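Accompanying notes for the structure given below.
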Amino acid sequence: MLRSTDDGLELEPDASLLGSDLSPVPASKRTLTRWDIALLWVGMVVNVPSYYLAGSLVDLGMSWWQGVATIILGNTILLAPLILTAHPGTRYGIAFPVLLRSAFGVHGAHLPALLRALVACGWCGIETWIGGQAIFLLLPRSITNSWYAHPIRWLGTSALEFSCFILFLLAQLAILWKGMAGIRVLGNYSAPVLVLLTGWLFCWAYLRAGGFGEMLSTPSRLGPSQFWSVFFPSLTASISTWSGVALNIPDFTRFAAGQSDQIAGQLGLPIFMGLFTFTGLAITSSTQVIYGRVISNPIHLLAEIGGTFTIIAAIFGISLATITTNIPANFVAPANVLVSLSPSTFSFAGAALLTGIIGAAFQPWRIIESSDSFIYTWLVGYSAVLGPVSGIILTDYYVLRRMALDVNALCSADPRGPYYYSRGFNAAAIGALVVAVTPAVPGFLHKVGILEATSQVFIVIYDNAWFFGFFCAAAIYWVLSCWRSTRKVRTDPSVLEPLQPTMASLIAMTL
């Protein structure tokens, strides 16, 4: 029996809410140190999409220092919700899908969990496609120039490149079969190798371009008014890059030894992202000097450099960088969500397999075909959904519940439980999510070409989708929760005390 509520109710765990992969981690098994978490960030940050994001800012007209400043600012802003969301994972040993039940209800939590999972599946497909491209580089020209490598119109890529994509997907699933233990070992050993390989490419660019003066000489192509129109969506895109991981960070910090370890370890994001961004931007800027054009995609750059050693280093480096990012950042979250939907149906390994299949359905080769589609359509687009979810979670945990959760009740579907709300759904959270996401939809439809014209207000909202969604959802959820608790207090005055937030605490949480 599980002791759950303050009035002494004994609640039974529900098999549909509690599986071996979602059970709270006991204190004895929370062993991740600050160095383990920092190394995890090294493994995730040093990857092709992070490099591509940095290079895309140069491609869109920014100078190297404008690009570095934009990305560092974005990741510094994200650090606050990252650490705040990680707290309940470390304190209670609970995973992201379990934490969602506090705000959305034991059944309503499936909605934001699925939204996060879909974003992760899209990223999983992108990273796997990049790894497949590394394999493609290894193939002899007689094969890459054959009919098998000709693009298929309906597929959007060639059968050969798609086969490389599937091969790399299978390699990742083989590593995942051992669970989180295999991920941790791989991350610890790969981080130093990734730093060395990135350093090698940086040194090559330094020597070929003739020093930092030439490497960083590419000026901004944006005037004052043009800069701000690029800066705000780029800042949103920078935040959006890791906003998904910032949501499901409890999946990792539930294994952390303590709060000081998780906080110190999370500092690795802005530090290592800043360093890697500078490296990526410097290399991308150097391509203008070396080749007379900007090459923002590192795979295309490595193919341009050529040579046996370069190709081997490219295969090894891109593959390792992709695996150490893709597995922890994009396989774990959707796999845990699928397990939470039906613990009796999905194991972690089986859920990871389905994640890979959904990732392929996203057709990632279309997402990263240009800097514009990658930043304005993909990164900014999904931030409109993840920002509101983050705002609701943090408002619920810090403002309404004052960091007090009943872990046993989170694993129970008993209607008498505190997180059951109405039939397992919290209308306040779901309503706040829908209202906060809706204003960004016209801007998204305009960006993808479905709407020929829309109000400038909607475009501004979309360009700042994460910020708008976060604060809008937080405020709406707070107001609706206060209204609900005020109604309940008429019949039971004890209800108001644990739920009544103050405006001061709301402001403190959002800053």
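Don't overthink the numbers, they just go from 1 along the chain as shown.
The backbone N, Cα and C atoms fix where each Cβ goes, glycine too.
Taken from TrEMBL, the feature transmembrane segment applies to 38-58 (among others).
Outside the transmembrane segment (64-85) by six or more residues, the chain places 53-54, 57-58, 99, 216, 218, 220, 227, 231, 234-239, 241-243, 245-247, 249-250, 262-263, 266-267, 269-270, 273-274, 277-278, 281-282, 285, 390, 393-394, 397-398, 470, 509, 511 with a CB less than 8 A from a CB of the stretch. The annotation transmembrane segment is assigned in TrEMBL to 64-85 (among others).
Among the features that TrEMBL reports, transmembrane segment is placed at 117-139 (among others).
Annotated transmembrane segment per TrEMBL: 159-177 (among others), in sequence order.
Marked as transmembrane segment by TrEMBL: 189-207 (among others).
Same-chain residues lying 6 or more positions outside the transmembrane segment (227-247) and placing a CB less than 8 Å from one of its CB atoms are 44, 49-50, 53, 57, 60-62, 66, 70-71, 73-75, 77-78, 81-82, 85, 96, 116, 119-120, 123, 220, 269, 273, 329, 333, 375-376, 379-380, 382-383, 386-387, 389-390, 393, 462-467. The transmembrane segment annotation in TrEMBL covers 227-247 (among others).
Remote same-chain partners of the transmembrane segment (267-289), defined as residues 6 or more beyond its termini with a Cβ less than 8 Å from a stretch Cβ, comprise 37-42, 45-46, 50-55, 57-59, 64, 67-68, 71-72, 75-76, 78-79, 82, 198-199, 201-202, 205-206, 208-210, 212, 214-218, 242, 295-296, 298, 301. The feature transmembrane segment is assigned by TrEMBL to 267-289 (among others).
Sequence annotations record features per position, and here TrEMBL assigns transmembrane segment to 301-324 (among others).
Annotation comment: TrEMBL describes 344-362 (among others) as transmembrane segment.
The transmembrane segment annotation in TrEMBL covers 374-400 (among others).
As annotated by TrEMBL, transmembrane segment applies to 420-445 (among others). Only residues 6 or more beyond the boundaries of the transmembrane segment (420-445), in the same chain, are considered here, and those with a CB under 8 A from a CB of the stretch are 103-108, 111-112, 377, 381, 384-385, 387-389, 391-392, 396, 413-414, 451, 454-455, 458-463, 465, 468-469, 472-474, 476-477, 480-481, 484.
What TrEMBL lists as transmembrane segment is 457-480 (among others).
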Most Cβ pairs under 8 Å with the transmembrane segment (301-324), selected from 38-58, 117-139, 159-177, 374-400, 457-480: 117-139
For the transmembrane segment (374-400), sequence-distant contacts whose Cβ falls under 8 Å of one of its Cβ atoms, 6 or more beyond its ends: 52-53, 56, 60, 81, 84-85, 87-88, 99-100, 102-104, 112, 115-116, 119, 122, 233-234, 236-237, 239-241, 243-244, 246-247, 367-368, 429, 432-433, 436-437, 440-441, 444, 447-448, 462-463, 465-474, 477-478, 481, 499, 501, 505-506, 509-510
